[in-house]
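Per Swiss-Prot, the features are as follows:
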- 11-31: transmembrane segment (TRANSMEM)
- 49-69: transmembrane segment (TRANSMEM)
- 84-104: transmembrane segment (TRANSMEM)
- 109-129: transmembrane segment (TRANSMEM)
- 154-174: transmembrane segment (TRANSMEM)
- 177-197: transmembrane segment (TRANSMEM)
- 224-244: transmembrane segment (TRANSMEM)
- 261-281: transmembrane segment (TRANSMEM)
- 294-311: transmembrane segment (TRANSMEM)
- 353-373: transmembrane segment (TRANSMEM)
- 378-398: transmembrane segment (TRANSMEM)
Amino acid sequence: MSLNFSRFQYISNIFFILIISFPGGLIYLLIGSTLSFWLRESGFDKITIGLFSLVNFIHIFKFLWGPLLEKVSFAPLSKRGYKYCLIIALVSCIFCVYVLTNFNPNTHFIPFALCLVAVAFFSSIYDMLLQSSQMLLITNKNWGISEAACTTGFRIGILIAGSGALYLSTIISWQDVYRAMAILCIPSLLLIIIYPLKFKDKIIINDFDRFWHAFYDFVKKPKWLIIVSFMLLYRLQDNFLSVMPNMFYLDIGYTKKDLALGYKAFGMCATILGGFIGGFLCRKYEYSYLLKRVLIYHALSSLSFLFLYFYNRDITSLYIAVFFQEFTKGLTMSPFFSYQLRCCSAKYCITQIALITSIAYISTILFGSISGYAATYLGWTYFFIVAGFCFIPAYILIRYLPPYVISS
């Protein structure tokens, strides 16, 4: 009986993680790629749309309030404190998204932008709590399953906020689309409220000094500056492109319905497939070899943009181009995430993961914000040519990474 109950508790915890991961992916895209379509239809130029990437700057600093969040959520109230923080973070996200829909980005630019920053802030808190839920609810040997559940829920949220929102926008206004997306978060909120949390271990409260110990431990690593530089530059191509592919597809004549199915839905499937294959290749090849190869493959995907621009703009060509772009993007993701874990010490893994993901996010914000300028002043042809060469800095740095990072 006890064994059956434990198994039931394990399965229900996995299901809980899957469901609460859904709002994370949904909100992530609402203030990212999907937002660019709304801004485009509101008359904003590519430069301004690119600058809206700066609303996510708040994610860079999430490692600073991580220890504070642990103190507030875990120390006084234990399970209830953790649940209350989850509820407050998600309710705040839903509320801010709803408030956002009451502002027109053209006539109420500053309130609109401030609402986006608020959504980004509360979503960063929700993401941290979501990541910790796996460690609190699931035993170590089952983290692989819980990560798969978390990724699945997150990707479903991205799919709904991408393909679903884009398709809905052809029927109703963008304000109503965002209201509908906010409503879709409510089932996850209700589950958080009613679900009985059972932590597998007693919660250990980290001291604030732990962050500084974790930081010092990281900077003691051999060639840590090269490790950080590689982390900043590895996804330079994707960060430089940012949301500009959305603008490109619209400029060359594709409709939002075309993009909802071909770019968002089909592209998401291609990314997931590439991620699984990339994960398998991590077990087969040394990192130094694999990282170089996937960087080159993904760099070549820029040619698909030029193919569409100069030669063929039918639906079949869109699907082929999107598959090439998103599949190779997926290939690059698994080795990179594994690389991030290899950079962490086991005893400081949570704090250091928060730290290095914040570092990686700097590249997303910095290069994403200038993508609009680059696309405007270079034109689409040279913009995608430059994007294709963005792999070179990271490719060069691979040979200088310490062996414990890139050796199998």
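Heads up, the Cβ atoms here are built off N, Cα and C, so glycines get one too.
Counting Cβ pairs closer than 8 Å and at least 6 residues apart in sequence, the transmembrane segment (294-311) and the transmembrane segment (177-197) reach fewer than three and form no contact.
For the transmembrane segment (154-174), the list of distant contacts is 21-30, 33-34, 37-38, 41-42, 180-181, 184, 255-257, 259-261, 264-265, 268, 272: same-chain residues at least six beyond its ends, Cβ to Cβ under 8 Å. Counting residues 6+ beyond its ends, the transmembrane segment (378-398) has Cβ neighbours under 8 Å at 226, 229-230, 233-234, 236-237, 240-241, 244, 248, 251, 288, 291-292, 295-296, 298-300, 302-303, 305-306, 309, 406 in the same chain. Each of 84-104, 109-129, 224-244 was scored by its Cβ pairs under 8 Å to the transmembrane segment (177-197), and the highest score goes to 84-104. Beyond its flanks by at least six residues, the transmembrane segment (84-104) meets 20, 23, 27, 30, 42, 69, 72-73, 77, 111-112, 115-116, 118-119, 122-123, 125-126, 129, 175-176, 178-179, 181-182, 185-186, 188-189, 192-193 of its own chain at Cβ-Cβ distances under 8 Å.
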